[in-house]
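Asks: I have a structure I would like to understand better, so I am pasting it below and will then ask my questions one at a time.
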Amino acid sequence: MASIRRTLSPSNHDRTHVNGVVGASPLSNPPPPSQKHSSGDLRRLLAGAFFLHRHPRRIPPWKQSLLRFLLFFLLGFFLGVSPFVSLGREGFDADLPRATEDLGRAILTVRKTAEIGGGSDSMVPRKLVIVVTPTYNRAHQAFYLNRVAATLKLVRPPLLWIVVEAEAVSAETAEMLRGTGVMYRHLVCKKNMTNVKDRGVHQRNVALEHIERHRLDGIVYFADDDNIYSVELFERIREIRRFGTWPVAMLAESKNKAILEGPICNGSQIIGWHTNEKSKRVRRFHVDMSGFAFNSTILWDPKRWHRPTSNPIRQLDTIKEGFQETTFIEQIVADESQMEGIPPGCSKIMNWHLHLNTRKLPYPKGWQLQKNLDVVIPIK
């Protein structure tokens, strides 16, 4: 009886079977299960990435592209990360910029503080400082405003500078404010100032109305443009809860002595007042206009502060000169128990009130002299 043998073609010896064995005969024994899942899967992955052209019928083209992409992505990732893995801790830290190190220490400090339960205060944002400055056209206006702007620019944000002009907005002031780098709002008091004793009263009321209408939440401070202020003053103002006050150094109108006006404190508790003018000793509170600040929510949230009336808080133009401050403060607090002295002990002068009159000097239009100065000493 004749026997029939089937001759295997050379191509069958190079065929990769489903079980992952290369060049195996159909009659050979199957490999163990562990070999199927280890060497078989790896060979499939490599074959799919580099030799997928041999099996166009089994793997779709989109799978071939996906496998190649994943393989080269992983290869590039490990090659890119390998230099950093070899670095030691000291070498890695030495290459970091100083700013990054400081930031890391700050984050670590905040985390440690939060872990021990004391991190709530450090995460509270800084309070907005609302600085109100009335101004008007006069010879030294540019000097005064630029001096105040230079101080406010050094104060940490947030800070809002509300500048109120009398009768009309001047182009010179608007141009100056745009170049200060300080967040500001430029307002105008349209009241006729012909027969007004103190134009600053109405200008401050315009700012108070603006704060109340827009419900600005912060600490309000009246900073006239002709005073001198320290940066520390505005940082201390942020600590005020309701109403804060401090002593102010004033140059007497006679220019021959200095006057100290403000609170006498035991810590932050007010126990008395500094005053040197006999005519003002009948005042309830001996405070200068630039010697106090208060929470803006008192203006538009009377229920929070248990105010007996909801009437708007404003300065009065019918009050005798020198009593504007005390009548305004009486609308905000009842007595010294609702005040706090800053800094503790009230032992530091943080701003100065100078009486520098320039009424006899003309106001140069555009803050520039149109003609050259007269020659005093000619050049020979």
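Quick reminder: no glycine exception, Cβ is built from N, Cα and C everywhere.
As annotated by TrEMBL, Mn(2+) binding site applies to Asp226. The feature region 'Disordered' is assigned by TrEMBL to 1-40. For Glu261, the entry in TrEMBL reads site 'Interaction with galactose moiety of substrate glycoprotein'. The annotation transmembrane segment is assigned in TrEMBL to 66-85.
Please go over these features one by one and say how buried each is and what sits next to it.
Replies: All chains included, 21 other C-beta atoms sit within 10 angstroms of the C-beta of Asp226 (Mn(2+) binding site).
Cβ neighbours within 10 Å of Glu261 (site 'Interaction with galactose moiety of substrate glycoprotein'), excluding its own Cβ and spanning all shown chains: 20.
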Asks: Tell me the Cα distance separating Asp226 (Mn(2+) binding site) from Glu261 (site 'Interaction with galactose moiety of substrate glycoprotein'), rounded to the nearest angstrom.
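Replies: Rounded to the nearest whole number, the Cα-Cα distance is 17 Å.
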